[in-house]
Amino acid sequence: MSLLKNILNFQSVLGVLANMFLLFFYTVIILVHRFKPMDLMSCQLTFVHIVMVLTGGDLWLTDVFESLNFENDFKCKVTFYISRVTRGLSICITCLLSVFQAVTISPNTSLLAKFKHKLKTYTTNAFFYIWSLNLSFSSSCIFYVGGFTNVSESNQMKVTKYCSIFPMNYITRALILTVITSRDVFLVGVMLTTSAYMVIILFRHQRQCKHLHSISHLRASPEKRATQTILLLVVVFVVMYWVDFIISSTSVLLWKYNPVILTVQKFVMNAYPTITPLVQISSDNRIINMMKNLWSMCHPISL
């Protein structure tokens with residue numbers, strides 16, 4: 001159990017540091033340089049992932065609330081609410097990234113081409129709806145979570161050392177699970193559909209390039225690299241999401257949480273926020289060039 005805790009702590013530290021570096025980079029790009037709509041989406045996703053990792057491992061908010069002498073019940077409601085909001089924002093923004101890139105690389109003869117000239121406006125409106133819906137939708141969970149007590153202990157499902165989910169009737173439990181599942185299945189379905197569409201476009205483009213040029217002269221365009229990055233993020237997200245969903249659904253339906261299973265679930269939940277910035281850093285030429293310039297400034301080549 002201690003080994004799992006150490007792995008979870010290492011993962012959390014790595015995820016926070018990588019996302020903070022990426023957030024700093026996107027903030028500079030947005031404030032100083034000319035940025036793309038995808039930079040704005042990636043910046044928001046990075047911020048969400050920082051909060052998601054910090055609350056997912058109970059590493060930061062727990063210490064803050066304890067130092068401020070907040071009641072345990074209030075602390076549990078806040079951390080649980082923030083974790084639900086960030087989880088919803090993560091899947092929504094990832095889905096939006098996938099749709100945005102699919103529209104961006106779509107041929108001018110396709111049905112999606114007519115949305116290209118209004119893509120920035122649609123993206124801005126999507127941000128407003130995404131944040132509003134997730135902030136309001138997740139508010140219902142605060143009524144069913146609170147500080148763990150020894151009173152009626154058998155009726156509470158302990159999800160952390162100090163927090164538990166209070167008992168709810170079967171209809172309410174099934175309704176909440178159905179609404180959340182429907183939302184997530186729809187978004188995952190959109191991601192898979194747009195990903196399949198992008199794979200088809202990349203395959204056709206690759207085949208045309210091989211027909212016109214030799215393979216040795218092929219170079220990946222920025223659009224192609226961005227598409228491949230998003231495809232990789234979607235695959236990682238879908239795999240980690242379904243593992244988390246199976247664990248969560250089984251635990252809620254059986255009304256039982258095992259400490260080891262809970263730690264494994266936290267590791268799975270933090271896997272996507274940790275992998276995402278590493279993939280983005282390694283695939284963005286702007287970041288790579290910036291790091292090379294910093295390296296050359298710190299280590300000038302002597303003649």
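Any Cβ shown, glycine's included, is placed from N, Cα and C.
As recorded in TrEMBL:
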type	residues	note
DOMAIN	18-280	domain 'G-protein coupled receptors family 1 profile'
TRANSMEM	12-33	transmembrane segment
TRANSMEM	85-105	transmembrane segment
TRANSMEM	126-147	transmembrane segment
TRANSMEM	185-203	transmembrane segment
TRANSMEM	229-255	transmembrane segment
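Residues 91-92, 94-95, 98-99, 101-102, 105-107, 224, 227-228, 230-231, 234-235, 237-238, 241 of the same chain lie 6 or more positions beyond the ends of the transmembrane segment (185-203) yet place their CB under 8 Å from a CB of it. When averaged over the domain 'G-protein coupled receptors family 1 profile' (18-280), pLDDT in the model lands at 78.
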